[in-house]
Amino acid sequence: MSAPLLEGAVAVRLLARTAVVLAQTAVTHAAVTVEPAPAHLVGTGGAIGAVLRYWVGQRVSRVSSGRFPLATFAVNVVGSFAFGLAVFTGASESTLQLVGTGICGSFTTFSAFSVETVRLYERGERVLAIGNAAATLACSLAAIGLAWVLVTASPL
C-alpha cells in the first residue's frame with residue numbers, strides 16, 4: 001500500500017474509533033427519550049417534506065440540463081423561505097415542529113448539497129462547484145431575509 005493510501009486508511013480508522021467512543025459515551029451518559037406528541041408532528045411533517053422533495057426532484061429533472069444540481073438548490077432555497085415564514089410569523093411550538101423540523105427538515109438537504117458540490121469539483125467543474133456553494137448559501141439566506149421582510153413589513 002502506498003504511503004498516502006496508508007495514511008488515509010489510518011486516519012479513517014482513527015475517526016471511526018473516535019466516533020464509536022463518542023457514541024458509546026453519549027449512550028451511557030444520557031437518557032434519550034422521545035415524547036410522543038411532538039414526535040408524531042415531526043414524523044408527519046417529515047413524510048410530507050420527503051414526498052414534496054421527491055416530487056420537486058422529478059419535476060426539475062425533466063427541465064434541467066443536469067450539470068447544475070438545480071433540484072437540490074431549489075428545495076434548499078424554498079425550504080429556507082418556508083422555515084423563515086414559520087419562524088417570523090411567531091408560529092406555535094407544535095407548528096414549528098411540524099413545519100420546521102418535519103416538513104422543512106426533510107424537504108431541504110444539506111447532505112445532498114454537500115455531495116453534489118464535491119462531485120462537481122471532482123468532475124473538474126470547479127467554477128460550478130464554487131458557484132453552487134456560494135449561490136445556495138446566498139440565496140437561502142436571501143430567502144430567509146425575504147420571509148423576514150414580508151412578515152415584519154408594515155402594511156401600506
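We count from 1, first residue shown onward.
Cβ atoms here come from the backbone N, Cα and C positions, even for glycine.
Unlike curated entries, TrEMBL annotations are predicted automatically.
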Range annotated as transmembrane segment - as stated in TrEMBL, picked from 3-20, 39-56: 39-56
Close approaches to the transmembrane segment (95-115) from elsewhere in its chain (Cβ under 8 angstroms; 6 or more beyond its ends): 38, 41-50, 52-53, 69, 72-73, 75-76, 78-80, 82-83, 86-87, 132, 136
Chain residues outside the transmembrane segment (127-151) and at least six past its termini with a C-beta under 8 angstroms from it: 67-69, 72-73, 76-78, 80-85, 87-89, 113, 116-118, 120-121
Tertiary contacts of the transmembrane segment (68-89) (same chain, 6+ residues out, Cβ under 8 Å): 49, 52-53, 56-57, 60-61, 95-96, 99-100, 103-104, 107-110, 112-113, 116-117, 120, 128, 132, 135-136, 139-141, 143-148, 150-152
Other CB atoms within 10 A, centred on T108 (Na(+) binding site): 21
